[in-house]
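**Q** I have a structure I would like to understand better, so I am pasting it below and will then ask my questions one at a time.
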Amino acid sequence: MTWNNNPPPRPAPSDDDGRLRELGYKQELKRHLSVLSNFSISFTVISVLTGVTTLYNTGLAFGGPATMTLGWFLAGAFTMAVGLSMAEICSAFPTSGGLYYWSARLSGHRWAPFASWITGWFNIVAQWAGTASIDFSLAQLIQVIILLSTGGNNGGGYMASKYVVFAFHAGILLTHAAINSLSISWLSLLGQFAALWNMLGVFVLMIAVPVVATERASAKYVFTHFNTGNSAGIHSNLYIFVLGLLMSQYTLSGYDASAHMTEETKNAGRNGPIGIISAIGISLVVGWGYILGITFAVKDIPFLLSPDNNAGGYAIAQVFYLAFKSRYGNGAGGIVCLWIVAVAIYFCGMSSMTSNSRMTYAFSRDGAMPFSSIWHKVNKQEVPINAVWLSAFISLCMALPVTELNLPTCSNLFRNEVAVHSYIYSI
């Protein structure tokens, strides 16, 4: 990483390669992404269908409807403030390194090494853990889909063991690594399709579930009911509210992907920041719609969280299943809805690996990782292939300790949802 105290005037916005040379790097990755493709990757990583669905149990248990519907905008306001700041910095320093490079440039020569090192390692470990968390969440959801498809928890349905769930996780990571080994042209197309799937999926579910449900909550319940009953034994309303915000904050993360993709984005100094801001803004709107649509179908919180229900304690799965079963006599429609979510989570994990492999590439390019010369190599398709497979391997290893936790059943996995996600995502 090199720079001058008095850098020359910035080149024209279209001269992305020239700007990158000013920042101390040569162009190695294929610059193919449009502003839509850049946005699509961040929007897919945020993926409200992923975050809200997988941590809906947390929102229900800690504060319930009021925390989820109103807290969403509280978390969103802070997220947008951070995103606007990041977008401004990204416009000046559009590199794949993103946050750690910015830290170095903004902290001065004296503190630059420490600031970039500490920021880089926090960022890269969090990204690996994020991919692990997303793909493990998908493995858990597949476990529930199989359970409901084979009769449910109370009808002799098949309950996959934690080792089978881990095998699902490994298989998902393998396919994500294979997809991310393709050229950026393919990833651009897949990213745009993934963003469309997430957008349409939200609208389908937020309309279908409350419409199909035979019983609906009142608007007063959805916006004002504050649930204080939780298995953690926490009685402080403020603490309960803060814990309930974890659902919103976990969902509204990953928008730095637009920054990590700037070396593959055309007109990066403009389109990277647009990708960050638009991904956050659109996610805030569609995410709130999704939360409202699902929460209007919620009536009995303790039952939805109970490990004895048909979904084994996976609240949103139980909501979907009950809505269709109460209307049509079977929950097949609810299972279809869960598959819509599952595909969205799959795309989320795919784009997450795209982003963190670019961070791995950039960090190793600056010699900040062990065996850096290996990880920043680019293949003939201009893909940082070694960084892709390293990211997949580390994300796999991060989930290994889950197999040793005392979580032998689906219900226990969801009762300990906060612990599992906190371990994997905030390692």
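The backbone N, Cα and C atoms fix where each Cβ goes, glycine too.
Okay, so TrEMBL annotates it like this:
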TRANSMEM  35-58  transmembrane segment
TRANSMEM  70-90  transmembrane segment
TRANSMEM  111-129  transmembrane segment
TRANSMEM  163-182  transmembrane segment
TRANSMEM  194-213  transmembrane segment
TRANSMEM  233-253  transmembrane segment
TRANSMEM  274-298  transmembrane segment
TRANSMEM  328-349  transmembrane segment
**Q** Answer with yes or no whether the transmembrane segment (35-58) touches the transmembrane segment (194-213) by the criterion of at least three Cβ pairs under 8 A, sequence separation 6 or more.
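**A** They do touch: at least three Cβ pairs between the two stretches lie under 8 Å.
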**Q** Which of 35-58, 163-182, 233-253, 274-298 shares the most C-beta pairs under 8 angstroms with the transmembrane segment (328-349)?
**A** 35-58
**Q** Of the stretches 111-129, 163-182, 233-253, 274-298, which racks up the most C-beta pairs under 8 Å with the transmembrane segment (35-58)?
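**A** Most Cβ pairs under 8 Å with the transmembrane segment (35-58) come from 274-298.
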